[in-house]
Amino acid sequence: MTQDELKDAVAAAAIDEIRPLLGRDVVIGVGTGSTANRFIDQLAALSGDFRGAVASSEASAERLRGHGIDVFELNEVGTVPVYVDGADEVNAHFQMIKGGGAALTREKIVAACAQRFVCIADGSKKVKRLGDFPLPVEVIPMARSYVARELVKLGADPVYREGVVTDNGNQILDCYEFMIDDPVAMEAQLNAIVGVVTNGLFAARGADVLLLGTDQGVERLTPEA
Ligand SMILES: O=C[C@H](O)[C@H](O)[C@H](O)COP(=O)(O)O
């Protein structure tokens, strides 16, 4: 199967996963990226079965609206029963690196407000150890150089993602060569640097279900303790 076919397959599995949760008052959380886009496209067929969505990016909000799905502000909604999103890497504990599409901060906010996080990914995203994918860190623009120096002290090789402005008006540093031995501790440590808005480690709050696309079909996995 091609990667696109795997993405379509996990998107379809996510539709089956959330279908029992839908209802006229239900607003669901929707993520960002090429895998999430396929989920959005398939969600269109169910648009009469739920109230609408909260999106983790302007791009996803636009795509949802394009399918006639109402998009709500998270502040209007409070919590969502489920959040469906992709990942750049996911480990056996369902801790993830996210933010390849620069949407990490809004993704983390919607995930924090979700009762259940369903991660959809093709098999190439499953890793033993997080960190081959460069870890994105969203920074307030005036703090970029300072934060980069602090990241170097922690052993990273941060690279400014030139030309990218997040939906929050901020910038991204991609951290190469990071040894991520303890994702929960590292997530907190990076967030404590002044000028960091958030980082792409989703470790303290990982996914609850992983729908992983493989050539043998979609595996439905729950995290190892
Ligand atoms: O900022 C982007 C997000 O974290 C995406 O969910 C992540 O990069 C995965 O994207 P894709 O499904 O395109 O591989």
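Just so it is clear, glycine is given a Cβ too, placed from its N, Cα and C backbone atoms.
Unlike curated records, TrEMBL annotations are generated automatically.
The substrate binding site feature in TrEMBL is assigned to Thr32, Gly33, Ser34, Thr35, Asp85, Gly86, Ala87, Asp88, Lys98, Gly99, Gly100, Gly101, Lys125. Annotation source TrEMBL lists active site, proton acceptor at Glu107.
Close to ligand 1, meaning a Cβ under 6 Å from one of its atoms, are these of the binding-site residues Thr32, Asp85, Lys125: Thr32, Asp85. DSSP assigns Glu107 (active site, proton acceptor) to a helix in the three-state reduction. Each of the binding-site residues Thr32, Gly100 was scored by the number of other CB atoms within 10 A of its CB, and the lowest score belongs to Gly100.
Taking the mean position of the Cβ atoms of Thr32, Gly33, Ser34, Thr35, Asp85, Gly86, Ala87, Asp88, Lys98, Gly99, Gly100, Gly101, Lys125 as the substrate site, the remaining residues of that chain whose Cβ falls within 8 Å of it are Gly31, Ala36, Ala103, Ala121. All protein chains included, Ala87 (substrate binding site) registers 29 other Cβ atoms within 10 Å of its own Cβ.
Site extent for substrate: the farthest pair of Cα atoms among Thr32, Gly33, Ser34, Thr35, Asp85, Gly86, Ala87, Asp88, Lys98, Gly99, Gly100, Gly101, Lys125 sits 15 Å apart. DSSP assigns Thr32 (substrate binding site) to coil, not to a helix or a strand. Here the Cα atom of Ser34 (substrate binding site) is found 14 Å from that of Glu107 (active site, proton acceptor). DSSP assigns Gly100 (substrate binding site) to coil, not to a helix or a strand.
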